[in-house]
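Here is the structure we will look at.
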Amino acid sequence: MRPQSFISVLSLILFFLHFTKTLCQSPAAAPAMAPPTTPVKAPPADSSQAPSAQVATSPGPVDINKILQKAGHFTVFARLMQATTEDTELNKELNNTNNGITILAPTDSAFSSLKAGFLNSLSDEDKTELVKFHVLPAFISTSQFQTVSNPVRTQAGTGPRVTLNVTTTGNFVNISSGLTNTSISGTVYTDSQLAIYQLDKVLYPLDIFTPKPPAPAPEPALGKPGKAAPGVESPTAPKDISAAPTQLFLHDNALLLAVSCAFAAIIYS
């Protein structure tokens, strides 16, 4: 056999073997397609402000305004404290005495939820009372809220119109002013003398936002006796003259005795 014929036969055999192997192999599976994904919607944003990170203590005098500014989203409350000079008074008390202070600080979101022009409608006196209503004249830790006695006194005073009620359930602390119910949503700052907690609502004091009770009627004054009108004599008590005849009798007898004694002395002299 010629070499060309041998090569042709070998080529046909190799082609036949390759074709048979290809037919016996199963076709490769197509890559599986990923199921379509449904986009997950984010939950609706809560109207309350997210709890702020706690501000670390720093050496040196305490400055409440700087603490609030460093914490963030307390700009309105910090400005209100400055405008009423309440921050200055509290800083003096904290740095010059051992008194403790607790501040319930509303967030900027709490103020933005109020009706437009709310703060501008308040007098300077009401603004000061509003700030003091968010300040407790004692240091209260988160655990001590469970043992406080109601009503809780504020810097605004001690009457029922400027005090708060505190209730707790576990670590949940609810604050009520009689007009506002809210809860502590985070700790802004705390040391051994000062505690600042975050509120998501502004506390309304009854003393500002409800009618004040009527003042009690004045008691009748114990006045001095009035002057008599001109030409009118003031009544006077009658004089007691019951002893006058007796006094006159004694006077006459004494005079008679004296004359008798004098006459006798002349005769016997």
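Residue positions begin at 1 at the first shown residue.
Any Cβ shown, glycine's included, is placed from N, Cα and C.
All TrEMBL annotations are machine predictions without curation.
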Inset, instruction - Tell me which range among 30-58, 117-145, 175-203 TrEMBL lists as region 'Disordered'. - result: 30-58
Inset, instruction - Please list, for the domain 'FAS1' (61-203), how many residues fall into helix, strand and coil according to DSSP. - result: 49 helix, 38 strand, 56 coil
